[in-house]
């Protein structure tokens, strides 16, 4: 990508430049493909021409809507730009900051990590050889990779498998180097371990473990326990059982709902995702997330954090991309997890409603921000159905490498190509959608979390009246659009008639 | 005003109820004759009406000051910290006095002045006319007539003056029956179903001893069932749970140790519970106690039915438990649901709903009339009769119809609003959320039938606000007689015209009045259909609510659509005028070249005006709590980084994380 393509705001007026030995100059700031230029546009004042390649580091600060960028140059010079307008300042800053990330093809043959895709994003300064070494130190070869880059704060979410420290506290310099490369000098990051401290400690006996403070002094580790495997599966079985029995009296229903623990899991997952989003957006700190394998709770957290932080992931295409990236490519074992659902009596092995819990969490956020998503509840239900049984190849297999071996791309159809047909999309589009560029913070209080009736009560009670009400809502919105269009046409028509009249009057 | 010692305290902190880290706003607290007012540093005002205060509590002194916790009847809970203990003490004492008035005349309604003259005030009171309502139902008719028996409140003090009874029931029958019924509340008409010719009637429990019978009462019931020409039997619905009538009366009157013994023995044995033996013994126990229910042997053609709604005391403590659970900081999902379960609140709501459904079915399916009673016939009976009518008659699902329903089944039939809401400093055991439960049942119906109601949730919340506010006269006093004595119609204002004036706020944008399917609502009462009513019990805890309201958007859009329709008409007529004028002009020009037509500038300007008036689609969708400025999470970033080593706290209602 050319640098010029990164320039979002090429020109800002009323920028004040402070530099050593010169009085402050007010002028216009321009960004070109190679230079940052500040000119007062007066004949006798010197202009500033700064090569982008001379920029070593930048800092930004805000006082009200006035932003300040401090540019530290490779020749040790430090200059300061006061830029009116928060957005302009952020745009300028993001344009002149240089990329610290690169694509790596180290896993091209799926040799380094069988559950990773062939292409991953890693810090610019880390070479493939280092990645190979780090892979041996992380569970399943899942070395830390970029999951999400937050434009606003320039912080990142990374994910990985657990470090294989074992009982004797093995360390890996390359691993430390890799994740430290994502931090800027002096800043700290957070490691979110999706297991309780206890579970993480126990994992050491099996060769796993967690990052020791001594070896990762720039990182603060937080344990946010999220349940896994059979516990989740049992929770699902209990919940479905409770929902299916219409004879329960109120006490029994409430106690069954409670005993299923489903909403507790929802709350745990959402809380962890909010914590990550908070680190990124409020704390301006980067985050590394892992549990044991890094293929389940890790993905729930990274993907939900993106729903909270990133407006694009709340659009239909953006959400599809999120699932493709954070679930399919990231190696969530759909085949194993979704082999059986709530009714199967045979002994469960790998089944767990990890993806359904994720969808439920998205639904909870959707309920709280009903206008911020381009898709509606039906879209989530459709994805749930296809994850468990589908005529498309999208959710088959447990990883990219399996899907490659199965030649799914040649032999099956993609769910996305079917769903993205305009005729199909209309059913999944949220009529209330209005792009919301803000971070959306959901409430995770138990009073705010609801049972997802569209999934769990779907076959137990008629939703006729609710569906009709939804249709009526759509009608009102459609009618509104129609009326707006008609008013505009009539206005134009009237304006034309008026001009005609005027023309006739003033020959 | 004599109760107010301190009118203003500065540097008071208002704590966030659910924040785990003592987040607070600092501001000034003012005490007026009617309100407690807190203005924070951002000039946001919190008004609390003294009458809304349910309890004031002064907690132990802390380093930052003296905590004062105020719980309100509308479920607002505020937690202040007053820097000086003396000030706190003064405010505490003032609030104790101000929130509990001894006399009706000291209530807000008697000083509230919305700037209306006397005739407007009177018009307001005449807005809801119950005589009209009975006419709408189709009475009087060949079976039912208006009785003048209670014209002077001589037979029953807690009934209204106008009562409808079967025309065959003579005054002697009525008088006789009233003597046989608790508080003289004899069976009268509550709702008449014109199509089915069946009626919902209400009364209090009979005072039947072991063998005592009342011929007049039996005759009155017979008259009621005969007033239904289609069906020869009628249901008598006792809204109380069977076991409670027995144990309550047994202990109340302390009669017959045998009865107590047998009944407790039976209660221990769950299996026999439903057996016939038990039923017989129960009935015996009740009748022995002197009060109870109708003996099927004595009354021809009645079918007796218990529906099992608990009494006011159970309901009061149930709500208390519910509120305790919900007020917990850092509440876990499991604690929430086990609290919800053990409070029994939703079970009670379901019981009321089931009883109402029984009524509606008896009338719709069996074409049978129903007589409803509980003990005194002013709490559970009001709930069940009004909710039953609401299921049957779509009129009660309109804004005006709902007001009529409340006036009829609650206000006129003597639901003791002042005692149940604790308007005056009285017996706390008389306070009970009976009416709140009714509103909640209606809310559940609006959730199941989103298009069946003309009004929205805000309407229910507003009514709930005013049963406690004592700002209007409607809910003051405990019965019509008392209200007349208080001269409420001369001294206070009626709430209804004010609600009607604001009607726009309370309209359900999805309401479909045309569809006939909605004439009878048949709600599904499988337990999973009952949800916790967050917007009632947490109405002031904004952080727990969805950040965007679909409802408001659709409501605004509906409004906008109406405006657009009007604009289209205007534009079309203007265009038509233009076109006509142009043809005219051409004709005129051809005929009279010298005459100039009227200048078009005036119309142009009009047109532009309209353009600016057109609401922009974008402005309709506000995202509450999501702009960085008013997002409550923003302040936390700082704290997050400060709490370096061990604990990180998250604010959206929950979590503490330890490394």
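Backbone N, Cα and C atoms are what each Cβ position is placed from, and that goes for glycine too.
Taken from TrEMBL, the feature active site, phosphocysteine intermediate covers B:374. Annotation source TrEMBL lists substrate binding site at B:311, B:312, B:374, B:375, B:376, B:377, B:378, B:379, B:380. Among the features that TrEMBL reports, coiled coil is placed at B:554-581. What TrEMBL records for B:124-537 is domain 'Myotubularin phosphatase'.
A map of TrEMBL features onto the structure.
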{"residue": "B:374", "record": "active site, phosphocysteine intermediate", "contacts (Cβ under 8 Å, 6+ apart)": "B:204, B:205, B:238, B:239, B:240, B:309, B:380, B:381"}
{"residue": "B:376", "record": "substrate binding site", "contacts (Cβ under 8 Å, 6+ apart)": "B:182, B:183, B:185, B:204, B:205"}
{"residue": "B:378", "record": "substrate binding site", "contacts (Cβ under 8 Å, 6+ apart)": "B:158, B:185, B:204, B:413, B:414, B:415, B:416"}
Whole-number mean of pLDDT values that fall within the coiled coil (B:554-581): 91
Maximum Cα-Cα separation (Å), residues B:311, B:312, B:374, B:375, B:376, B:377, B:378, B:379, B:380 listed as binding substrate: 12
Structural state of residue B:378 (substrate binding site), classified by DSSP into three states: coil
Number of Cβ atoms other than its own within 10 Å, given for residue B:380 (substrate binding site): 29
Chain-mates of B:311, B:312, B:374, B:375, B:376, B:377, B:378, B:379, B:380 with C-beta within 8 Å of site centroid, substrate: B:204, B:239, B:240, B:381
Surrounding CB atoms that lie within 10 Å of the CB of residue B:311 (substrate binding site), all protein chains: 19
